[in-house]
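Sharing the record's features from Swiss-Prot:
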type    : residues             : note
BINDING : Asp24, Glu25, Asp115 : divalent metal cation binding site
DOMAIN  : 18-206               : domain 'RNase H type-2'
Amino acid sequence: MSRPHFQFETDLAARGYLRIAGVDEVGRGPLAGPVMAAAVVLDPGAIPEGLNDSKQVTAKRREALAAQLAQVAQVGVGVAEVAEIDRLNIRRAAHLAMLRALDALPAPPDMALIDGRDRPDDLPCAAHAIIKGDTKSLSIAAASIVAKVARDRVMTALAAEFPGYGWETNAGYPTQAHRAALLDIGVSPHHRRSFRPVHNILYQEK
């Protein structure tokens, strides 16, 4: 598998874009917890070694890379809570998290590289959507690392408050054990009621 590179950013810099943010989100698929996004502006001279798509990196290495990025890059994190997911739908909530991540950067970017084919409306800057961008752009890969680490920490904290669902390991995703716990324990305040498996339990649909 090819690794992410810095060519998109280099080409854009040659066209005059100086603050290029990679943007990625995590948490569209879980039954519980927020959807989160990160925006990262890399320093071309201080890119952490081994930076890669979060799915290709161990949890321990993700933590180390996120700590490095906090020191050498500009980082913003955005969250859309469960109530917003249920009110807006997951796509719009993910876009809201992306906008909040961009807004959380220390200074506004002039270009955003966004993972996927879809991009939010009302972006504060120019943008390119890149399919499988976390495997192609180092800036997006950095955002995928930051977002994943941030959300895993949130879900671990929620797991301590609401034990039994296994969120510390499944991060809210619909594993067999998580689905079984939903039936056994019931629906928590952090479950997404608009998602069918949760909705069906609440309304006893079979």
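Counting starts with 1 at the first residue shown.
Keep in mind that glycine also has a Cβ here, set from the backbone N, Cα and C atoms.
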Quick check: which same-chain residues outside Asp24, Glu25, Asp115 lie with their CB within 8 A of the centre of the divalent metal cation site CB atoms?
Val23, Val26, Ala37, Ala38, Met98, Ile114, Gly116, Gly133, Asp134, Ile140, Ala143, Ser144, Ala147
Over the domain 'RNase H type-2' (18-206), work out the mean pLDDT and round it to an integer.
96
According to DSSP, which of helix, strand or coil covers Glu25 (divalent metal cation binding site)?
strand
Long-range same-chain neighbours of Asp24 (divalent metal cation binding site), Cβ under 8 Å, sequence gap at least 6?
Ala37, Ala38, Ile114, Asp115, Gly133, Asp134, Ile140, Ala143, Ser144, Ala147
